[in-house]
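Colleague: Take a look at this one; I'll ask things after.
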Amino acid sequence: MPCERKPMRYGHSEGHTDVTFDDAGKFIVTCGSDGDVRIWESLDDDDPRSINVGEKAYSLALKKRKLVTAGSNNTVQIHTFPEGDPDGILTRFTTHATHVAFNHSGSRVAAGSSDFMVKVVEVADSSQQKTLRGHDAPVLSVTFDPKDEFLVGSRIHYITFTSWPVLQKSNDVSTAKSLCRLGWQPKTAKLLAVPVGLKVHLYERDSWEHVSTLSDDMMTQPINVVAWSPCGQLLAAGSVGGFLTVWNAESKLCVERQKHEKGYTVCGLAWHPSGRQLAYTDTQGSLGLLDDLPTASSAPAVKAANDYDDLFDEDDDRAMDEGLSDTHSPAKRPVAGGDDDDDDDLMPATGRVKNRSSFLDDENSLDTVSLALGQGKYGDDDDAGSTVAPPTGPSLPLRPAYEGPLPTLPQKPFQPGSTPAHLTHRFMTWNSVGVVRGYNDDQDNAVDVEFHDTAVHHAMHLTNALGHTLADLSQEAVLLACPATDELASKLQCLHFSSWDANKEWIVDLPAGEDVRALVLGQGWAAAATSARTLRLFTVGGVQKEIFSLPGHVVSMAAHGEQLLVVYHRGTGFDGDQALGVQLLQLGRRKRQVIHGEPLPLSCKAHLAWLGFTAEGTPCYVDSEGVVRMLNRSLGNTWTPVCNTRETCKGKSDHFWVVAVHENPQQLRCIPCKGSRYPPTLPRPAVAILPFKLPLCQTTTEKGQMEEQYWRSTLLQNHYSFLSSSGYEIDDEGQNQNQKEQQELLMKMFALSCKLEREFRCMELAELMTQSVVTLAVRYASRSRRMNLAQRLNELAMEKANQLQEEQEQEEEEVQEEEHHTPRRKSPSQSRVSNVLDSMTSVRRPAPLGGPSGKQSKGPVLKPLAPKPKTKVSLIQRPWTGFQLWLEENRKSILADSPDLQETDVIKAAMGSFRSLSAEDRLVRGSDWDEIVLNPKIGRLRCVPEVGGELRGVGGARGC
């Protein structure tokens, strides 16, 4: 049976890491570039104990309750284990130590350093040291002979020196192509394993002759580290490309092959003392575990000659099919193929022929099995004992294998707000209503339901006798589901605690062979997506409703009110990307599909991490890279990124676990997780609040900040129109406040653009303004003496006024059609809006709110919004002012004194004479005179509006 690859855990920040087990196998101990040593009780440990040993920790070794670490402070320290108390410094170097190792008895420690030296220190008395010199490059690895006679570093140190030029020299460990972590065979100490490029060389003790080679054609990048199993018969290797391979050293067969889930470099390996588990770490600070590894006795034996079909058992097929290169493409190698072009002779991505009966292990074939038997490209000359002999016969022609992108492993379905199901204590769901916890240990197997608002319902403790693994919670019910077993079918259980009758629980058995993969609760309904690509709808009381098929396997679901959001696999992704599709359905009285299976955008090589709705009902989701995206209904149901939680994380191994999203106020509620992706269940984690921030360009500048604020406010205001169209009552005050803030931001950006002399940009901003704010922009432009801009803004204000007038007329026509069933004809002589700065013609006054009859239209079932009267621009002709009348009366006398005066000079002279009049004379001419200001540079007048905001032209002169 294949081994189980556990999901990886984030243990340290990005950089080099190392791992080991304690002597009893109770703890996993890791160290990393963050300077911490962490002690894990298991891979599921949510709160590992941490010991800080310096700025960085490069290597560790553990023996007989003594923990030795090599750090960046040029020292080798020792701590007690598992207490973690400092126990002194064993030795120092001139540069940082690179690797440490105990001898078999635990009495001595060997340490290598970047200063080309190796030191051997007695643990009991650190003053007893031996310094070994002779290296001409930094020491990458050290290991003791199990018999305590030899020490292997870059060279073997004994009475005489022996060396092999197996690696390219480097001036620093960080620049080395491989760590070359050596491994000496336990117990017998007969063989020394040395990683050399893509292969592992085995050297014989005493003679130091190269006796054998272990290789794998799936390896495309150098092997970084090797580790022997406790029995000494299996050898594990981790490569730069992320491959984990286990060989049987005697038969040289590959008994297990795994690929790092993200292709990161494996830099640490450690066997569990039982030999059934293999822990590994990568250069991104993550910890992984391979469980249930084959033992030496269960490893596949070498088959007899020509018995090729038996070589391809189920485990080997899986191992070879999972082989990937670091560049996400299969290893480039020629494969044997037939002479004809039949489909049966096509080569799969693994490079193995489909027709096993025609498999020929000739000298040109580079198949995986032949390589494992020492007959391929990387075979050695010491495999004479192999029992598989190449058959005689003509060679088949070579043709290249598929070299395109490799498919991505599909993401498994998950419940939003839940932690992995393999944890004994986990969150089954965490949403805006409450928290559902699951416990599955030796003491209890139960489900706890806790509500954020105890007024909804009191907390509940449910016995999990059916083994439920999925849960969802609403203000009406708790929905649970369990997988099928050999005896029982998959079940859907609902506890309808808001029901007014005595029977508050119902259970539904799914058809045979069908498991619930995702479930969700809406307003009065429930939905369950199954392994048969079927989505089943129920009422909250248990009545079965619609059932329909999904285009692919479900990934996750979410609900809000009458909305149902479904994400599924729409195809196979490549090069690490997931190919997901999304459907959004309205399940109200008028059922309809809003989003019809469009692709769901994700970050590069990311997967879906959370799916849900905002508290206001807008669909949103979070991917594994921390990017939060929200549906933009005003832009054709596109997805807009509104936040990136990774920008707020302090460390690269930290994450934020999202639980809720709010648009008003603009908040992302999540739980900070230090060193992991999921929070612990106890104690209850605290919820943090992150702000939204659109990823616009140059947000550090004043212009970029205002643009980001405006578009964020516009995006998060879309829910008002959606709720209004759905018949819900909305917060008019909040909507008006948002609109006011948006117009203020536009006016600020307009002023900034005027200051930067970007008049075309000013017009672009004015297009986004309302008619009243454009009027203010006209005044601002005139005061800034930008007359060309003011004139264009004038025309824009006139257009917006006309549009507003047409909208009002259309609304009135609709009202009259509903009440009288007769359309109202528009008079051809109806006046149009004129220039804002000229004399304005009159238009009709707004109609009453309820129409001529005063009757209100019948509203929907939900509380509707009463239509609000829209602001109208008053275009009523006003009388001339006193100054205008006085100017017209005295124009002839002014021109008689100075006949050569231009119109501007005439107005200037008239204004001076009019101001010299007494207050009584002005009152005689009229009390509605308004101040006018002359611009002598251009020769135009600016009008100051009276109360009400209407602008008037003065003396026939065109304003600005």
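Placed from the backbone N, Cα and C atoms, the Cβ positions cover glycine too.
The repeat 'WD' annotation in TrEMBL covers 9-41, 216-257. Residues annotated as region 'Disordered' in TrEMBL: 313-361, 373-397, 801-870. The compositional bias 'Acidic residues' annotation in TrEMBL covers 806-817. Feature annotation from TrEMBL assigns compositional bias 'Polar residues' to 828-842. Among the features that TrEMBL reports, domain 'HMG box' is placed at 876-922. Positions annotated as DNA-binding region by TrEMBL: 876-922.
Help me picture these features in the structure, burial and contacts included.
Modeller: Beyond the ends of the repeat 'WD' (9-41), by six or more residues, the same chain brings 48-64, 67, 69, 71-72, 79, 81-82, 84, 267-274, 279-289, 651-653, 655, 675-677 to within a C-beta distance below 8 angstroms of the stretch.
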Colleague: Which value does the mean pLDDT take for the DNA-binding region (876-922) in this predicted structure?
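Modeller: Over the DNA-binding region (876-922), the predicted model scores a mean pLDDT of 76.
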Colleague: Write out how many residues of the repeat 'WD' (9-41) are helix, how many strand and how many coil, based on DSSP.
Modeller: 0 helix, 16 strand, 17 coil
Colleague: Take the domain 'HMG box' (876-922) and count its residues per DSSP category (helix H/G/I, strand E/B, coil), listing them in that order.
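Modeller: Helix/strand/coil tally for the domain 'HMG box' (876-922): 33 helix, 0 strand, 14 coil.
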Colleague: Would you list the DSSP helix, strand and coil counts for the residues of the repeat 'WD' (216-257)?
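Modeller: Split by secondary structure, the repeat 'WD' (216-257) comes out as 0 helix, 23 strand, 19 coil.
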